[in-house]
Amino acid sequence: MRKALEGVRVLDMTHVQSGPSCTQILAWLGADVVKIEAPSGDITRKQLRDLPDVDSLYFTMLNCNKRSITLNMKSARGKELFTEMVKDFDILAENFGPGAIDRMGFSWEKLQEINPRLIYASIKGFGDGPYTHFKAYEVVAQAMGGSMATTGFEDGPPLATGSQIGDSGTGMHTVAGILAALYQREHTGRGQRVTVAMQHAVLNLCRVKLRDQQRLAHGPLNEYPNEEFGDEVPRSGNASGGGQPGWAVRCAPGGPNDYIYVIVQPVGWEPIAKLIGRPELIDDPEWSTPEARLNKLDKMFQLIEDWSVNHGKWDVLAMLNEHNIPCGPILSTKEIIEDASLADNEIVVKVDHPERGEFTTVGMPIKLSDSPAEVRRSPLLGEHNNEIYGSELGVSEQELAELKANGVI
Ligand SMILES: CC(C)(COP(=O)(O)OP(=O)(O)OC[C@H]1O[C@@H](n2cnc3c(N)ncnc32)[C@H](O)[C@@H]1OP(=O)(O)O)[C@@H](O)C(=O)NCCC(=O)NCCS
């Protein structure tokens, strides 16, 4: 069966996390992704290593299903080989610091001259303006995209979330841009520039907090647990501040992840009141309606917690789901990596690697019935030099040896 992006070729000049998370998805959709690395390799091959002299999990978990070539883009021959490849590829993706590709001698204008069908995607920290030339990492984007100000508890400092919304979140936005550009090229015959700023991607994911910023002008945010409001959206702990109240309540035996997140929809109140042993609250006007409960959500969740602390989170999950009450136990990373249903869904998958042996990674979260993803290991540094420069670009064996000796590849 042909894969969705079979025949699409991606020159992948991404590094670290944001860019590689994007091109890995393209590879799982069936594109031929060729990762160009400086001869020293993507810096993450050596970062956070758990085993000596073996590509880190940081690298192996973000670069599956790609081929790897090395190329020194600052050498004259390197630029020639790159030019040859650009002619033959559909997509160039990169996330270097601002201006790096231009400094290599490849402006967008130049790239268009070489290949007018090329789609050129870049991830940067920021859009045009005062921050354009600034570098950015995950938490910088969380800080400047609205996430940190709205994450955490009211009386604590701003918090970073563990979800990599700045890096992988931006990578996923970039996938959407690239796929749209590929589709538009079907009609125009032309490639185009795709740019995504990490600050913008985080802000897109924090959209509802700007909703609440504007609601504040018309009064307090009653769905928030906070008692006092100033002129900016406060951190609201584990309350989403959305239409249905929710909170993480403690469970037995009281470990750091023995919590369950419970949402109380209007229809959920009656079964919850029964479950927690407070059936008299079902018809009590002080408790019976969502409006009546709104000003005492903290008390409501305390009542639920007084019950849940006596049960394990898996039992609470079962009991609440018997009544169709939306809830989710807080799963630790250990529980997730050992979860049978996630393995069955091939979202937690095991991959073999010639140097590190078997490792676990997160598989393809987007399921296509006609284009199922097969997760294959990440490439070793320069593993496909001979295949791509030799067989595909026609570089002779002798020159290949010279290029290696001269540090071009
Ligand atoms: C992540 C980031 C902060 C890292 O910064 P950094 O480690 O200083 O690396 P940079 O990307 O700025 O620079 C890479 C350098 O390597 C060089 N380089 C990269 N690939 C090369 C190659 N194949 N051959 C020769 N040189 C190469 C670049 O030309 C650049 O050199 P220059 O600054 O002299 O022009 C930066 O890349 C960045 O802001 N990226 C955009 C936002 C982003 O994606 N951040 C999240 C990462 S998860």
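Quick reminder: no glycine exception, Cβ is built from N, Cα and C everywhere.
What TrEMBL says about a protein is an automatic prediction, not a curated fact.
Features reported for this protein in TrEMBL:
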| type | residues | note |
| --- | --- | --- |
| ACT_SITE | Asp167 | active site, nucleophile |
| BINDING | Gln17, Ser18, Leu71, Asn72, Met73, Lys74, Asn95, Phe96, Gly97, Arg103, Lys135, Ala136, Tyr137, Glu138 | CoA binding site |
| BINDING | Gly242, Gly243, Gln244 | substrate binding site |
| REGION | 221-244 | region 'Disordered' |
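This view paints the features noted in TrEMBL onto the structure.
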residue : record                   : Cβ neighbours (10 Å)
Leu71   : CoA binding site         : 24
Met73   : CoA binding site         : 19
Asn95   : CoA binding site         : 28
Gly97   : CoA binding site         : 13
Lys135  : CoA binding site         : 12
Tyr137  : CoA binding site         : 15
Asp167  : active site, nucleophile : 27
Gly242  : substrate binding site   : 12
Gly243  : substrate binding site   : 9
Gln244  : substrate binding site   : 13
Listed binding-site residues adjacent to ligand 1, that is, members of Asn95, Gly97, Lys135, Gly242 whose C-beta is under 6 A away: Asn95, Gly97, Lys135
Contacting positions for the region 'Disordered' (221-244) when only residues 6+ beyond its ends and CB under 8 Å are counted: 149-154, 156, 158-159, 208-209, 212-213, 215, 261, 263-265, 294-295, 297-298, 326
Among Leu71, Asn95, Gly97, Asp167, which are recorded as recorded positions, the nearest neighbour of Gly242 (substrate binding site) by Cα: Asp167
Near-site residues: substrate, ref Gly242, Gly243, Gln244, CB cutoff 8 A to centroid: Glu223, Ser240, Pro245, Gly246, Ile263
From Asp167, Gly243, Gln244, the recorded positions whose CA lies within 10 Å of that of Gln17 (CoA binding site): Asp167
Spatial neighbour of Gly97 (CoA binding site) that is closest, considering only the recorded positions Asp167, Gly243, Gln244 and their CA atoms: Asp167
Inter-residue Cα distance where the pair is Gln244 (substrate binding site) and Lys135 (CoA binding site), in Å: 38
Of the recorded positions listed as Asp167, Gly243, Gln244, the one whose CA lies nearest the CA of Leu71 (CoA binding site): Asp167
Pairwise C-alpha maximum, in angstrom, for the residues (Gln17, Ser18, Leu71, Asn72, Met73, Lys74, Asn95, Phe96, Gly97, Arg103, Lys135, Ala136, Tyr137, Glu138) that bind CoA according to the record: 28
Inter-residue C-alpha distance, Asn95 (CoA binding site) and Gln244 (substrate binding site) (nearest angstrom): 39
Separation of alpha carbons, Tyr137 (CoA binding site) and Gln244 (substrate binding site) (Å): 33
Cβ atoms near Gln17 (CoA binding site) (within 10 Å, other residues, all chains): 23
